[in-house]
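These features come from TrEMBL:
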{"type": "DOMAIN", "residues": "145-172", "note": "domain 'PLD phosphodiesterase'"}
{"type": "TRANSMEM", "residues": "6-28", "note": "transmembrane segment"}
Amino acid sequence: MVAMWTVKVVSLGVVALSLSLELLFWLFSRRRSERITNKVLFFPSEVACVEHIFSPTLPHSHVCSLPHGVDTSFSRLLRYILSACSSLDLCLFSFSNMDLSRAVLLLHSRGVTIRVLTDKVYSAISGSQIGVLRKAGICVRCDVSAVHMHHKFAVVDGRTLITGSLNWTLTAVQSNMENIIITEEPDLVQPFVKEFCRLWGLNDSAQYLSSLTD
């Protein structure tokens, strides 16, 4: 009789432990999902003043003909880019948007490590900001292959991925149907980190020229 009760008590204890572990796992998974950023932005974006994003202390009433205090897809994109504290890796087909260029230059002035990988043809078109970034001392590499470097993604601090159809141009932001996904999901971020590093090494012009003479 005592043995039967002992078995029942042990069985109930095992069930209770199992349920407790399942509850803890569920709570941990829920808290983790709440902490991880997963956002979707759609374009074209409403045109609004973004000066307060670059200068938070600037009063919204400053002289500007554009609407003030409007939260847009573009303003959110700028905030995610400007959230970089240590590094920003950009892999872009076309980069001519002056506000996005301004954001990158501001990060550079803060000491953020920036690497830019872009298409060699589109880096030379009229209005491209690539020359501006280079002149500021930002490390830029152009694709050395015969095909277009058509990627459009950024990695912020090695942990936040910004990717989608959006070229970093004024037309794409204000006139095109475009999309961007912003995520901190490691399973999505890390393949892009790995691919950027692969392409960065592959498009080292010094190594490329050396390989041609071997």
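Backbone N, Cα and C define each Cβ position, glycine as well.
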Could you pull out which residues elsewhere in the chain have a CB under 8 Å from any CB of the domain 'PLD phosphodiesterase' (145-172), counting only those six or more residues past its ends? 37, 41, 43, 77, 80-81, 83-98, 100, 117-122, 178-186, 188-189, 192-193, 196, 199, 203
What are the DSSP helix, strand and coil residue counts for the domain 'PLD phosphodiesterase' (145-172)? 3 helix, 11 strand, 14 coil
Between 0 and 100, where does the mean pLDDT of the domain 'PLD phosphodiesterase' (145-172) sit? 97
